[in-house]
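Engineer: If you scroll down you'll find the structure; I have some questions about it.
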């Protein structure tokens, strides 16, 4: 008997942040975007795209590179004009998750090179951190593996823009994962093939696990 999985159990929560820098002790989140996808990477709902206000003192912590980046993208002026607090942005993402995901089965966080984003979420949006599964889907892992195992896939990946805005970065990450799925992760092996692969992998590394 095939078990039917409720669609909300298969959701991915895509989040991207823009910050004033990468150091947790002195930098802050200034833009939050979130989208939900189903198991086939279809985007569900409208998502969240919010610029968070930062004080002049917080903005003064940006180095020249980040200042130039956020100025070129138009984000810096939006930060100054924003009246949205980080708590309000966190509330909006939590509401999105509550609407589209199963609270009994927290969805993984997904994105590109998301370790830093998760660190900022954990430190500055702890309620959101608790609403996410501890597992993460990092598209950059497939990028690194394709470079080593499937160079044609690696060199033909979709071009990425340089907008440095949170929502655009999320959409590009979803598109990139969809590309890897279509170009590389396309086979659905038979049970026999999967069992053979398991046996071969087990045999190859058994000596290191004794």
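In case you wondered, yes, glycine gets a Cβ from its N, Cα and C as well.
Here Swiss-Prot flags 12-177 as domain 'Exonuclease'. For 134, the entry in Swiss-Prot reads active site, with the evidence type sequence analysis.
Help me picture these features in the structure, burial and contacts included.
Structural biologist: Mean model confidence of the domain 'Exonuclease' (12-177) amounts to 95 (pLDDT, 0 to 100 scale).
Under a cutoff of 8 A between CB atoms, and with a sequence separation of 6+ in the same chain, residue 134 (active site) has no neighbours.
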